[in-house]
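What TrEMBL records for 12-35, 55-73, 80-98, 110-127, 147-165, 171-189, 319-337, 343-364, 376-398, 410-431 is transmembrane segment. Marked as compositional bias 'Basic and acidic residues' by TrEMBL: 442-456. Annotation comment: TrEMBL describes 442-467 as region 'Disordered'.
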Amino acid sequence: MDAVKRWRAGWGYPTTLLCIYGFFSTVKPLVPFIYPYLTGPDKNLTVEQVTNEIYPVWTYSYLAVMVPVFLLTDWLRYKPVVVFQCINLFITWAMMLLVQEVAVFKAMQFFYGVKSACEVAYFSYIYSIVDLKYYRKATSYCRSVQLLGYTVGSVLGQLLVSFNLMSYNNILVLTLVLISIALVTSLFLPMPQRSMFFHQSQSDPLQTPEGGDRCAGNVSTEGPVRARGCSQVFLLLWRDFLQCYSTRALLYWSVWWVLATCGYNQAINYVQVLWAHIQPSQKVQVYNGGVEAVSNLFGAATAYGIGFIQVDWAQWGELFLGSISGLGAAALFIMTFTDNIWVCYAGYVAFKGLYMLLITFAMFQIATELSMERYALIFGANNFGSLVLQTIITSVVVDGRGLGLGIIPQFIIYGSYFSAIAVIFFLRGVYTIMRVRQSHRDSTTAEEPPSLKDSDTCPEQRLSRRN
């Protein structure tokens, strides 16, 4: 009993519960087959209704609630938002099972947008209740379990569909059962006593305009919790925001993050429509679930491998971003113009893996010299920026009230978009390398000793030669 009490009082108990929650909330076996389900006999929606009317609502909803949810997450101290996230997830899938009308499907996308905005609470929670020395382990466990959940869900969905073990509706019921387990688990999470911004210990270092201790990443010691007012929190956030983005290197990494995440989300959200376009026959077995599983594992492998690459990232990082972004653009074009579903699948796996590699690299570079509070702020600001840009692209390119383009023109635009990112950062990388090398040459020249000729000449001779 004493061992159990010590475990419950330590970092292992909340981490274990959060991992259980993360696993069961991400095992969604129907996700790889959402588009065939919506356009099939179960819901009988048209391609235009799904692509140009229903899907865009998620983007708009996510943007509308992102900032309020970010602030409420900290003010409410994370746990209520984690529970609220799971409730919205349950409502989303229950509506998908029960409704038929396009208008109600749009409402369903709103709830899913709220769920997406609440994602910030999942990882923020662990930092409020776990000591600094366990941050890396806890984060690693939570991320790994989420990846495992996505992979298990994709494989399970593929098996159930391939062997006709369950109908799409029954798979949806199974998904609701799994989400219910996650919801019950979230109720047992311990309630944090402090948060990053609104509720901090009295001994936490105060924010200063110059950054002070927070920039160095100092961690608070235990003490009475003080509540900050909204005006004080907004002032601290604004000062942090200005100071973080005043760093040129961090600004460049963040610009890539915003641009690339926007394009990635657009491609991922509509890729099933592309697969259905290439493989329209219902008699041909689709392998969306297997491809999602492979892409998740490949993405995890590439992200893991970045930690073993020893390179001067300050010099070569931007060229690396540009080059790999170019490969991602090539993968998108291959997916767009092929009429072979297996080639399209392979392009998708490559595109997703390359993005996971680069976003892990960018996150690592940004987080290196930031405190946890500032990293959370930059994380939220970058995602907000990408979502604003994604909303613009969705409203112009996808939405039926805009251009309402078909899936092939859409992916041509996404491929061209990543090509532009590649060119910008490749040229920027070449400029950085040339500047660093020129600086190195200048410093070497400045440090060179006097010439041998001058060193062998006495002061009187040198003076005579100058005269």
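Going from the start of the chain as shown, residues are counted 1 onward.
For all residues, glycine too, the Cβ spot is worked out from N, Cα and C.
Touching of the transmembrane segment (12-35) and the transmembrane segment (376-398) is ruled out by the presence of fewer than three CB pairs under 8 A, sequence neighbours closer than 6 excluded. Sequence-distant contacts of the transmembrane segment (376-398), counting only residues of its own chain at least 6 positions beyond either end whose CB sits under 8 Å from a CB of the stretch, comprise 51-52, 55-56, 59-60, 62-63, 66-67, 70, 120, 124, 127, 196, 237, 240-241, 244, 250, 254, 257-259, 261-262, 265-266, 270, 363, 366, 370, 404-405, 410, 413, 417. Note on the transmembrane segment (319-337): residues 256, 260, 267, 271, 274, 311, 313, 343-344, 347-348, 350-351, 354-355, 357-358, 361-362, 408, 411-412, 414-419, 421-430, 432-433 of its chain, located 6 or more positions outside it, place their CB under 8 angstroms from a CB of the stretch. Long-range contacts of the transmembrane segment (343-364) within its own chain (CB-CB distance under 8 A, at least 6 residues past either end) are made by residues 253, 256-257, 260-261, 264, 267-268, 271, 274-275, 278, 287, 291, 294-296, 298-303, 305-307, 313, 317, 320-321, 324-325, 327-328, 331-332, 334-335, 379.
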